[in-house]
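Colleague: First, the structure itself, so that you have it in front of you.
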Amino acid sequence: MNPSHSDQTFNSLIPDNEMATGHCSHTPSTLIPTRFPATTSQGIAHPQASHPANSHAQTLYMPIESPPTPAPSPGPTSARPPVYPLGLASNHLLNAQDPTLRRQILASILASCTPSELLFISTTIAPLLKRDILFHLPTELSFHILSFIDDPRSLVRASQVSKHWYRLITEECVWRSMCHVDGFDDFDDESVAWSKNDFPVWREDFSYREHYKMSHVTMTSWRNGGSMLQSHRIPVVSPDNGTVTSLALDRDWIVVGLANSKILIFSAKTGVLARTLVGHDMGVWAVCLVSKGGYLAKPPADEEEEDGSGGSRHGRRRRRNEVDALRSSIARMGVSSKQDQYISPSLRIALGLDSAESEGSGLGESSSRTADDHPEMAQDAFPGKRSDNSYASQGWGQPNALVVSGGCDKTLRVWDIKTGYCIYVLAGHTSTVRCARVLHNRPIAVSGSRDGTVRVWDIQRGRALRILSGHGHSVRCLDVCGNRIVSGSYDTTCRVWDVDTGECLHILRGHFHEIYSVAFDGVRIASGGLDTTVRVWDARTGDCVALLQGHTALVCQLQLSPTVLATGGSDGRVITFDLSKYTVLHRIAAHDSSVTSLQFDKNFLVTGGNDGRVRLYETATGNFVRDLSDPSDTVWKVAYVKDICAIMCRRAGKTVMEIWSMKPKTL
């Protein structure tokens with residue numbers, strides 16, 4: 001084949017202008033070689049051209065178009081509206097430094113906008129104007145603002161706004177103020193721990209926020225229903241033997257005294273029966289619980305000891321002479337002397353005797369610890385610490401909890417709860433021990449008997465200290481505050497005694513029949529009896545300051561607080577009085593028969609009656625909240641602490657002891 005012919009054929013496929021310039025207009029195209037068979041001048045293939053030997057291939061280059069470039073993928077959409085550039089004149093005016101000119105430009109723009117455009121401008125500007133006020137304010141002002149919120153749920157919701165709000169609201173000072181607002185300020189026992197030297201140490205793991213949460217949930221459980229830890233049922237052989245006569249409890253233990261001479265010890269945390277104390281020959285009528293730990297308090301100073309240095313020496317000398325005379329008279333009467341030298345070393349440790357020998361006994365002897373060294377030991381000479389409504393007292397630093405009991409066998413016994421051993425048997429009364437109390441932070445017990453005497457005991461060393469004589473009949477009830485004792489008797493009188501000297505300070509006369517109940521808070525004394533009246537006395541002067549009426553039968557239950565007096569009678573009524581005006585706050589028809597138990601705090605009032613009901617009321621309003629237990633035949637005793645409630649009753653012919661917990665299981 002002629003080469004020139006093939007070149008002409010190829011050139012005929014390319015336009016003349018591209019041949020002239022020597023460039024192809026399809027720059028991105030690709031030239032692909034293509035082979036064609038030989039042809040004649042008329043364009044018909046030669047027959048012999050297809051033969052391999054005679055074939056002469058011709059290469060022809062064809063332009064191929066490249067595929068189009070795809071469009072870019074769309075980017076993420078923005079919530080902001082598109083920003084369109086302003087004109088040069090408008091941009092120059094808006095960037096002007098004169099604020100007045102800028103406002104005029106903005107005002108002219110807004111004046112020309114439609115309502116829909118104004119709505120758009122408003123929704124766009126509103127988020128830009130928002131400011132976190134707590135974030136920009138000083139921390140002190142932020143806490144001051146948060147102090148006006150008294151609803152815990154509002155605080156919890158506010159803590160979810162931002163991390164800064166969460167840090168502010170979880171601060172301890174916020175929840176400490178909430179504890180004071182809602183009355184959950186009983187955190188002193190939880191916030192303070194005791195060192196090996198009996199000095200208070202602040203607990204680093206204590207949290208006001210957790211304390212408030214626990215207290216709030218506990219309060220809700222009181223209103224809506226707690227959980228029963230245990231319900232103990234004891235078969236009753238005879239109606240008298242199964243009667244519960246006395247009850248005492250704290251945060252660790254529940255002590256129950258029975259008419260069958262037994263004392264049962266339950267765990268307040270689990271409700272399990274831990275010990276059965278056997279030793280009394282006859283029924284037990286009084287039990288007191290001494291909590292472990294605490295500190296040893298020195299006796300309050302006499303008023304004479306505060307009048308200068310000379311008066312102080314004279315007061316101490318007079319007091320020492322009186323104590324020596326009382327001890328010698330006790331020795332002549334054949335009253336038991338101290339028994340601490342006969343007990344085992346383990347029981348000495350349980351009583352805290354080893355530390356007491358080096359630091360003083362708290363019975364008026366010299367002590368190496370003073371109020372200046374131990375601020376928590378400082379207490380006013382008058383009135384001092386009030387007794388506990390649940391018949392528990394704070395210890396003097398001993399490692400074990402103790403029980404003091406008295407009964408029909410005329411003895412007072414001291415027990416170690418940990419081992420169940422009877423440490424001391426204190427004899428001296430000539431008739432049934434009807435009531436007993438233990439002073440706070442001092443190893444001193446006081447007992448009242450049907451023999452008409454009140455006796456003071458050293459329960460750490462096992463000895464009698466004083467015999468307080470004066471009543472002409474059985475001593476039915478006792479109460480203590482600081483170093484003062486108030487005793488009520490069937491001789492229709494009450495007497496006020498000094499524990500450390502044995503002196504009778506006042507004789508309170510006014511009742512016409514037997515006195516069955518007394519309450520003493522250091523400032524006032526309340527007494528109630530068979531004459532259906534309640535009298536309030538001034539503890540300093542012994543004068544009767546109020547005569548309160550309202551009951552139609554025996555007044556058998558009394559409790560005092562700084563502002564409220566609650567009374568319960570055999571008529572089933574519970575009456576609360578305002579002590580500032582001595583007027584009635586609430587009259588509550590609590591039970592169909594006699595009120596057997598009464599206890600209240602600033603939140604709730606709990607009552608038990610012979611009608612078999614245990615009822616809960618609000619202290620502030622007197623409104624009924626709910627029944628704490630199922631109905632029973634009769635309720636003997638009810639007592640509670642913060643989140644533990646013990647109910648002693650008879651149901652279906654059996655003695656039932658229910659232990660309820662208001663503490664939440666999980667948070």
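For all residues, glycine too, the Cβ spot is worked out from N, Cα and C.
Heads up, TrEMBL stuff is auto-annotated, nobody curated it.
Annotations for this protein, taken from TrEMBL, read as follows:
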| type | residues | note |
| --- | --- | --- |
| COMPBIAS | 1-14 | compositional bias 'Polar residues' |
| COMPBIAS | 24-43 | compositional bias 'Polar residues' |
| COMPBIAS | 65-75 | compositional bias 'Pro residues' |
| COMPBIAS | 358-368 | compositional bias 'Low complexity' |
| COMPBIAS | 370-388 | compositional bias 'Basic and acidic residues' |
| DOMAIN | 131-178 | domain 'F-box' |
| REGION | 1-82 | region 'Disordered' |
| REGION | 297-322 | region 'Disordered' |
| REGION | 358-391 | region 'Disordered' |
| REPEAT | 402-425 | repeat 'WD' |
| REPEAT | 426-467 | repeat 'WD' |
| REPEAT | 468-507 | repeat 'WD' |
| REPEAT | 508-547 | repeat 'WD' |
| REPEAT | 548-587 | repeat 'WD' |
| REPEAT | 588-627 | repeat 'WD' |
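Describe the structural surroundings of these features, if you would.
Modeller: As a summary of secondary structure, the domain 'F-box' (131-178) carries 33 helix, 0 strand, 15 coil according to DSSP.
Long-range contacts of the repeat 'WD' (402-425) within the same chain: residues 248, 253, 255, 257, 261, 263, 265, 274-277, 279-290, 339, 343, 346-347, 350-351, 395, 431-436, 438, 445, 447, 449, 455, 457, 459, 462, each at least 6 residues beyond the stretch ends and with a Cβ under 8 Å from a Cβ of the stretch.
Note on the repeat 'WD' (468-507): its mean pLDDT in the predicted model is 95.
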Colleague: Tally of helix, strand and coil residues over the repeat 'WD' (588-627) according to DSSP?
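Modeller: Helix/strand/coil tally for the repeat 'WD' (588-627): 0 helix, 23 strand, 17 coil.
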Colleague: Counting each residue once, how many in the repeat 'WD' (548-587) are helix, strand and coil under DSSP?
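Modeller: So the repeat 'WD' (548-587) is made up of 0 helix, 24 strand, 16 coil.
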Colleague: Looking only at the repeat 'WD' (402-425), what are its DSSP counts of helix, strand and coil residues?
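Modeller: Taking the repeat 'WD' (402-425) as a whole: 0 helix, 16 strand, 8 coil.
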Colleague: May I have the DSSP-based helix, strand and coil counts for the residues of the repeat 'WD' (468-507)?
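Modeller: Its residues fall into 0 helix, 24 strand, 16 coil.
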